[in-house]
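**Q** Features from Swiss-Prot:
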type: BINDING; residues: Tyr243, Ile244, Tyr245, Thr246, Ser247, Gly248, Thr249, Thr250, Gly251, Leu252, Pro253, Lys254; note: AMP binding site
type: TRANSMEM; residues: 20-42; note: transmembrane segment
type: TRANSMEM; residues: 139-156; note: transmembrane segment
Amino acid sequence: MLLGASLVGVLLFSKLVLKLPWTQVGFSLLFLYLGSGGWRFIRVFIKTIRRDIFGGLVLLKVKAKVRQCLRERRTVPILFASTVRRHPDKTALIFEGTDTHWTFRQLDEYSSSVANFLQARGLASGDVAAIFMENRNEFVGLWLGMAKLGVEAALINTNLRRDALLHCLTTSRARALVFGSEMASAICEIHASLDPSLSLFCSGSWEPNAVPTSTEHLDPLLEDAPKHLPSCPDKGFTDKLFYIYTSGTTGLPKAAIVVHSRYYRMAALVYYGFRMRPNDIIYDCLPLYHSAGNIVGIGQCLLHGMTVVIRKKFSASRFWDDCIKYKCTIVQYIGELCRYLLNQPPREAENQHQVRMALGNGLRQSIWTNFSSRFHIPQVAEFYGATECNCSLGNFDSQVGACGFNSRILSFVYPIRLVRVNEDTMELIRGPDGICIPCQPGEPGQLVGRIIQKDPLRRFDGYLNQGANNKKIAKDVFKKGDQAYLTGDVLVMDELGYLYFRDRTGDTFRWKGENVSTTEVEGTLSRLLDMADVAVYGVEVPGTEGRAGMAAGASPTGNCDLERFAQDLEKELPLYARPIFLRILPELHKTGTYKLQKTELRKEGFDPAIVKDPLFYLDARKGRYVLLDQEAYSRIQAGEEKL
């Protein structure tokens, strides 16, 4: 009886809300009934139907708006123009560094002056111009102005130097480069290798002797440029908007293509899915050269009229003071930032704010509840999605630890799937028919999304490098002849359809026959050592199978009670997960999104001839960490030291 009622509910939702054809509804109900497992299906239905209906309605709303934008050939500048008309004198952007406030009218005029100036210098629709500067209001005005002209901005990571920086500028085929005065030394380092035809413009404080000789000071040139809207380029909703570069931790950075529809989709799904409001004020301390800061954050300003507070860089000590000063209601985060905030000593400001939502990704389950309760944040809005991916997820109901969900009842509505992979090689595991094998609840698998190029929500725009595209696409995934985007991320789905981020490729290693999760160990070590930054990775040891765990901890003073640490480890971690080697260094290098860079740490290993920082190893006989000198290293290499 209950099962029948549940199926009737699904039927009504599928037909009346999703407007699916009767044949698809009928087959779906049949398969659901046969595979429901009786009471389990009823339990899942009761616990998830409200969530699934809300998620379905959000998806339908965004789809409808996307179709309208497609028909009317709207672009981000056109959508921004309608925002300006709604409230021209409302504050759009606030730059915390100088307390500079820009209204929507001022942002519109600045971006139009950028478009008119570049047009006067010969740039046209389809050309590329690079932006290389730290966070500030002008960053937004620059790429928006380029978009008004149809020029595609290449947003360069400000941490890049020399070869990597030159690679990004060269592969983008930029005709012009706008750099902040704070980046002048980095440009001088590669100036001799740049294309002589590349126009250079410096924004910010002007010191002619600190920039390449051909550089022009942009700010006065923009002041003299017309502030009216230039003639609209022949651009549509699926045309290129700008390029965002990958972090480059596994090689040289790749330019991911962001089209207008992708920018809108990413911002809109977050806005409607997490129930944002036009009067919300967002605190955005994430890099604007990445999608989280520029699309998820700034997108709410340009498309939905919200005020965004921009900070040059994240500061744990100033975070809550800024939120109070600017009356922020939403803060953006990535997982590491939350840990930095929790490591700060308690203070009154952390409970005097008006923040109602923390929006971001990568918040570890182990600190989720502590973060939410300590800082009194009612809603943690966790989402999943890389710049180029077509299978974004949202945790719309704040399920602790989940990065999103997919309906177990109506899974066909959103064509994503977890498929079995060899977790060491990430090779897809296929059945006898050649199709990828879907994972069952509780079974880890790689997240994939079906590619449908005609659907802006399902398309894959990829990278400028076609070779990089081929590595991210697989065929015959859902069915014969189809294509799917490979995220490279391993997730796990529970019985209710919630998805949990397991580990990014390479974030596990095998030791003593067990898989060790670096993220879990890092969280434990960070707490025990009272260090904000701890990197855990596997290193090869001659004569042993797998990789031994090694931890690098950042301690400016170098002080660490290793005897107490070893005792605490015994209580906290199983033997196989305890790091064999320790490295204490002044600081750990991070990417622009505060992810720890482990590649060089792995390469250097535990050889004291290479590593000049203090090294220790876990002496199995003594049960504590002892100094790793050249003599001990030789014994380990010869297999004379038990690990």
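All residue numbers here begin at 1 and follow the chain in the order shown.
Cβ from N, Cα, C; glycine included.
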**Q** Under an 8 Å Cβ to Cβ limit, what residues of the same chain, 6 or more beyond the ends of the transmembrane segment (139-156), are close to it?
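**A** Residues packing against the transmembrane segment (139-156) from afar: 75-77, 80, 93, 102, 107, 110-115, 118-119, 123-133, 165, 168-169, 172, 174, 178, 203, 229-230, 232-235, 240-245, 255, 288-290, 294, 298, 301-302, 310.
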**Q** Within 10 Å of the Cβ of Tyr243 (AMP binding site), how many other Cβ atoms are there?
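**A** Its Cβ shell of radius 10 Å holds 25 other Cβ atoms.
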**Q** Quick one: give me the count of other CB atoms within 10 A of the CB of Tyr245 (AMP binding site).
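**A** Excluding its own Cβ, Tyr245 (AMP binding site) sees 26 Cβ atoms within 10 Å.
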**Q** Counting across all protein chains present, how many other Cβ atoms fall within 10 Å of the Cβ of Pro253 (AMP binding site)?
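**A** Other Cβ atoms within 10 Å of Pro253 (AMP binding site): 19.
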